[in-house]
Amino acid sequence: MRHQTDIDKMNTNRNLFFMSLPIFVELLLQLLVGNIDQMMVSRVSQQSVASIVNANQIMNLVIIVLSMASTAATVILSQYLGAEDKANSSRTCMVSILMITVVSLLSTLLVFAGYKPLYKALRVPEEIFDEASLYLLIVGACITVQGLYLIFSAIIRAFAMMKEVMIVSIVMNVMNIIGNAILINGWFGMPRLGAVGAAISTDISKLVGLGLMILLFVKRTNVKLGLRFLKPFPVQIMKKLCLLAVPSGVESFSYNMSQMCILGIVNSFGTMVTVTKGYCSIFANLAYVYAMAIASATQIVLGYLIGAKKIDLIQKRVNATQKVALAACVGLAVLLFLGSNYIFLIFTDDPEIIALGRRILFIEIFLEIGRAVNIVMTKCLIAVGDAVTPTVVGVSFQWGVAFVGAWVFGIIFDWGLEGVWVAMAIDECLRGLIFAVHFKKERWKKVFRSVDD
């Protein structure tokens with residue numbers, strides 16, 4: 001009875017809000033790990049900013065694929081915790097750690113072997129090619145560290161310890177800022193390394209973050225780890241993880257590949273436009289980060305509801321989350337647009353960049369309407385076991401609408417970066433409409449039953 005009461009308490013709007021706040025801070029700080037590099041390097045060189053923009057496009061591809069495996073672990077683990085199944089909770093953790101390690105190592109090999117053709121495909125300007133390559137290789141060397149950090153934070157979040165994960169993120173980001181200041185600017189007798197210094201600082205902060213996360217896992221969870229949980233190998237758990245992670249990974253991979261190709265189009269407009277795109281992407285991330293937080297918290301709650309067999313409460317919870325996400329995304333996008341003349345001064349005083357950026361942030365308001373729905377619906381569909389629908393719809397529209405539209409509006413119609421953003425806004429809004437209709441009709445229940453069985 002107490003377990004059921006705890007789950008009912010977890011499913012309240014008040015509790016979800018308090019769950020989402022630490023996740024919001026954590027996601028905001030994770031976002032800053034990469035973007036702080038751009039902010040601090042922008043004071044040294046705009047070309048170095050363009051180098052980081054291109055390198056981060058590839059690293060984001062890797063990190064989001066790793067995040068899908070972590071998300072799958074959170075979903076499955078929260079279901080077992082909701083059902084009070086300790087043995088399968090331990091098996092889920094072991095299989096997840098094994099999976100993320102293998103995927104991380106393979107990703108590292110792919111980055112080191114394929115960065116040159118990728119950069120050429122992106123049409124990275126010759127003047128930033130070497131610096132962008134060095135930044136990517138240094139950051140790419142720590143992909144396994146990043147993967148393990150993500151999986152341990154996913155496990156700890158499944159135990160609803162959001163504040164603890166937030167504290168680790170704060171420590172990691174403070175270290176990154178201090179390291180950037182020293183290595184980018186050459187303080188305390190260190191060489192002035194620019195973008196390379198930012199990459200080294202990022203790696204060190206991630207390594208410290210992983211160490212703290214492992215310590216937190218050992219001290220604060222009751223999960224037992226050991227090879228005995230892999231004997232015999234838990235095939236069903238691996239299957240459940242793959243049913244969620246693989247389709248989601250394909251969708252995320254497709255999204256980032258389409259974004260890389262779109263970046264190739266943007267690069268053809270010149271370095272100034274690429275830099276503007278980088279700054280606008282940072283502000284766009286700020287607009288939807290709370291939607292990501294509350295959707296992630298909802299995903300964990302849905303896992304507990306599924307584990308406790310309280311399926312009838314899912315639709316109401318998703319609807320409530322969707323309203324909050326829409327208000328947050330659109331509201332923040334409007335505020336960013338209204339203050340755009342000032343916030344761009346954080347990075348640059350170039351009037352061309354500021355003027356173009358302001359026009360982009362106006363289009364961003366409409367883009368966020370669709371993105372808010374996409375974020376919530378995608379995470380909730382994954383939580384209930386339907387990872388196929390977001391994948392099929394996502395891949396189709398990312399290429400058929402966003403990429404093709406960026407080429408048509410940006411190049412053929414000669415609308416430049418504004419045309420690219422219009423295409424991405426149309427993509428987000430159409431996908432959001434499809435997901436909302438799909439979830440409202442409760443078609444996911446057929447998929448849920450088969451996974452539950």
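Backbone N, Cα and C atoms are what each Cβ position is placed from, and that goes for glycine too.
Note that TrEMBL annotation is computational and uncurated.
If one looks beyond the transmembrane segment (16-33) by at least 6 residues along the same chain, the residues whose Cβ comes under 8 Å of a Cβ in the stretch are 10, 153, 157, 160, 162-163, 165-166, 169-170, 172-173, 176, 202, 205-206, 282, 285-286, 289-290, 292-294, 296-298, 300-301, 317, 320-321. Taken from TrEMBL, the feature transmembrane segment applies to 16-33 (among others).
Beyond its flanks by at least six residues, the transmembrane segment (58-81) meets 34, 88-89, 92-93, 96, 99-100, 103-104, 107, 111, 115, 118, 136, 139-140, 143, 146-147, 150-151, 153-155, 157-159, 237, 240-242, 244-245, 248-249, 252-253, 255-257, 259-260, 299-300, 303-304, 306-307, 379, 382-383 of its own chain at Cβ-Cβ distances under 8 Å. Under the heading transmembrane segment, TrEMBL lists 58-81 (among others).
According to TrEMBL, the transmembrane segment annotation covers 93-115 (among others).
Look at TrEMBL and you will find 135-160 (among others) tagged as transmembrane segment.
What TrEMBL lists as transmembrane segment is 167-188 (among others). Here the transmembrane segment (167-188) has Cβ contacts under 8 Å with residues 25-26, 29-30, 32-33, 36-37, 40-41, 44, 153, 194-198, 200-202, 204-206, 208-209, 212-213, 216 of the same chain, all six or more residues outside its ends.
Within its own chain, the transmembrane segment (194-218) has Cβ neighbours under 8 Å at 33-34, 37, 40-41, 44-45, 48, 51-52, 131-132, 134-135, 138-139, 141-142, 145-146, 148-149, 152-153, 155-156, 161, 164-165, 168-169, 171-173, 175-176, 178-180, 182-184, 186, counting only residues six or more beyond its boundaries. Positions annotated as transmembrane segment by TrEMBL: 194-218 (among others).
Non-local neighbours of the transmembrane segment (286-306) in the same chain are 7, 10-11, 16-17, 19-21, 23-24, 26-28, 31, 71, 74-79, 81-82, 157-158, 160, 162, 313-314, 317-318, 321, 324-325, 328-329, 332-333, 336, 364, 368, 371-372, 375-376, 378-380, 382-384, 448, 452; each lies 6+ residues outside the stretch with a CB under 8 Å from one of its CB atoms. If you look up TrEMBL, you'll see 286-306 (among others) marked as transmembrane segment.
Listed by sequence, the residues of this chain that lie at least six past the ends of the transmembrane segment (326-348) yet keep a Cβ under 8 A from its Cβ atoms are 38-39, 42, 46, 49, 275, 279, 283-284, 286-288, 290-291, 294, 354, 357-358, 361-362, 364-365, 367-369, 371-373, 375. Residues annotated as transmembrane segment in TrEMBL: 326-348 (among others).
Sequence annotations record features per position, and here TrEMBL assigns transmembrane segment to 360-384 (among others).
Among residues of the same chain six or more beyond the transmembrane segment (391-413), those with a C-beta under 8 A of the stretch's C-beta atoms are 247-248, 250-251, 254-255, 258, 261-262, 265-266, 268-269, 378, 419-420, 422-424, 426-427, 430-431, 434-435. Taken from TrEMBL, the feature transmembrane segment covers 391-413 (among others).
The transmembrane segment annotation in TrEMBL covers 419-439 (among others).
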Spatial neighbours of the transmembrane segment (93-115) far in sequence, C-beta under 8 Å, 6+ residues away: 58, 62, 65-66, 69-70, 72-73, 77, 133, 136-137, 140-141, 143-144, 146-148, 150-151, 154-155, 223, 225-227, 229-230, 234, 237-238, 241, 245
